[in-house]
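Q: Submitted below is the structure of interest, expressed as structure tokens.
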Amino acid sequence: MENGGGDVPENANDHCPGTQSEAAGKADACAGCPNQQICATAPKGPDPDLLAIIERMNTVKHKILVLSGKGGVGKSTFSAQLSFALAEMDHQVGLLDIDICGPSIPKMLGLEGQDIHQSNLGWSPVYVESNLGVMSIGFMLPNPDDAVIWRGPRKNGLIKQFLKDVDWGEIDYLVVDAPPGTSDEHISIVQYLQIAGIDGAIIVTTPQQVSLIDVKKEINFCKKVGVPVLGVVENMSGLRQAFSDMKFVKPSEAGETDATEWALNYIKEKAPELLSVVACSEVFDSSKGGAEKMCQEMEVPFLGKVPMDPQLCKAAEEGRSCFTDQKCSASAPALKSIIKKLVKTK
């Protein structure tokens, strides 16, 4: 295919003048191209906001993207707990939620109902602690149940505004929680952060093939756009739960009846040592090697496994760190080990 200068989409017509050309969307060669309308209306030439983004990001030492191929794998939970952990290590931390249509970070940081304030320096993050600030579209919605029905350009505009207008101050880490997949938001955040220097991406997955298939796409996306893969985290890697926290039921043809009290009393009487045992179960099929094997095949770092821990789920629901007490005994040590690897790498 013979094309002109500038950026040329893969699905462009022959003799495409390039998206940055003044003739983009207007030349004869553009007739019938699926990108014609976008090219004709898009601004041309260097983006004047890029300098503002560079200046704002100059006060941020490390910029880390948290990605996932699929939704529901615990990416936002990991982003939240990563931010909590870095802050508890006395780092200055910012957490930016760019999941425009499904912002869950305010809930997971215990910040529901908070508002954004503006000053002469820009938008002020909402702070959990003095060294942990958060920004999300979730703070802008009049009603948390409101649906955000935006097309790509409007989403991209907000991401750009977050990067150039939020006054993070001098911080050590900016953790960016992205939506699942490889859509407009990902292209925009990578484009904007690359000019300011991005450390790389952490990719979160679950062990089964149906998730790993999409994670491979995410890894290939990072390789194509030049974002280093800092590593892959296998989340929900088997259920770990204290035997004493489990519930028991008696199934019958009429349905199920709760047998928890009876079962625990029986165990206390007959086998009390079981109450200190942790029950383990493989929830997702990892028989094909899970994320660790995939990382070997794709030649990217494997950071570790985090078990499915009901106490971690509860911490996320309550908007608190899983590291401040001993309740998350299954998941907190695994998360700490992964985060220490990241900090050591940085």
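Cβ coordinates come from backbone N, Cα and C, glycine included.
Per TrEMBL, the feature region 'Disordered' maps to 1-21. Among the features that TrEMBL reports, [4Fe-4S] cluster binding site is placed at C16, C30, C33, C39. Residues annotated as ATP binding site in TrEMBL: G69, K70, G71, G72, V73, G74, K75, S76.
Relative to the rest of the structure, where do these features sit?
A: Proximity of C33 ([4Fe-4S] cluster binding site) to non-local residues of its own chain (separation of 6 or more, Cβ distance below 8 Å) is seen for N11, A12, N13, C16, C39, given in sequence order.
Annotation for G69 (ATP binding site): same-chain Cβ neighbours under 8 Å, separated by at least 6 residues, are P180, G181, I203, T205, S211, L212, I213, D214, V215, K216, K217, E218.
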Q: Can you check which residue among the binding-site residues G71, G72 has the largest number of Cβ atoms within 10 Å of its own?
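A: When each Cβ's neighbours within 10 Å are tallied, G71 tops the list.
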Q: Around the ATP site recorded as G69, K70, G71, G72, V73, G74, K75, S76, what other same-chain residues have a C-beta within 8 angstroms of the site's C-beta center?
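A: Residues close to the ATP site, other than G69, K70, G71, G72, V73, G74, K75, S76: S68, P180, V204, T205, T206, S211, N235.
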Q: Sequence gap of 6 or more, Cβ distance under 8 Å: name the residues on the same chain that satisfy this around V73 (ATP binding site), in order along the sequence.
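A: When sequence neighbours closer than 6 are ignored, V73 (ATP binding site) has P180, V204, T205, T206, S211, N235, M236 within Cβ distance under 8 Å.
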